[in-house]
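Just passing along the structure, written as structure tokens.
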């Protein structure tokens, strides 16, 4: 067998083997992911049909109108029917792709329809880790998430250092978590199982390890798990601050109590820098620092007292937004949720005003 044929066979085998992998976005385990799967497959099939039609016509025209000795030069002239066809068909194609896409994107912003009330989980990214605070249950986990199946989960996304992207491929698409604000993202697991979650936004040398495990369980098993976690160590501020450091190893942890008892990351984006200071942690460029010197001077214990809850976000101060602190013995009730909603509406208004101002500055709003 020639070298070319061997390479061709090897290449063909690799293509076939790629179909054996478990592509997570096509292995949907929730309603949001299922609608995304349909949209992707619909778009692929639709565009393949267009490609086959265009390439088929291309082949026919090459064969039928190829040059030969008896060929006559064609005479170009106006044809209203043909011009209408090649003007209308692209519009139909764009509409057929755009309408379901836009509709699906707007549907993502609404919680999936369910008879059960949605539960709330604060998903906070920091130090190349994910922190999950359960305000109703007053428990917190690190790099692991447990949710009941068939119940919508409203994730309140926050970032304490760099911008990240929260993504559980088998449950739905990604959404950004940014400093100084809270973004809502609702997902639901329709089956029990263990899924992978990750930060899909490249944001530094620790990006690849910012992953977490998602356990979707029955409501009975979820209640049992919550009871077990409540019996574990209570999360104190020293422990939380140390976990914020990129130098602290990424491990799956579970705590009684939450960080919401002493910090609101959206209201206090400067909190993490104080945590760095407490443990003498300094950000260093990995390109110019040896591995042994990256975290050489980091203290194992805090050197200064813990920071009190406060507002350092200028937007919070300017617009009278409230500091959201929930003690471990305080209920996550309608009064707290009302203040949450008020902050969210104010932040949305700030974002819209900034966008309008940007449009005015660049002429995009006219």
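In case you wondered, yes, glycine gets a Cβ from its N, Cα and C as well.
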Looking at the ranges 293-329, 330-366, which is given as region 'Disordered' in Swiss-Prot?
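When 293-329, 330-366 are checked in Swiss-Prot, region 'Disordered' belongs to 330-366.
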Same chain, outside the compositional bias 'Basic and acidic residues' (335-366) by at least 6, Cβ under 8 Å from its Cβ: which residues?
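Result: 135, 156, 181-182, 184, 266, 315-316, 319-322, 324, 326.
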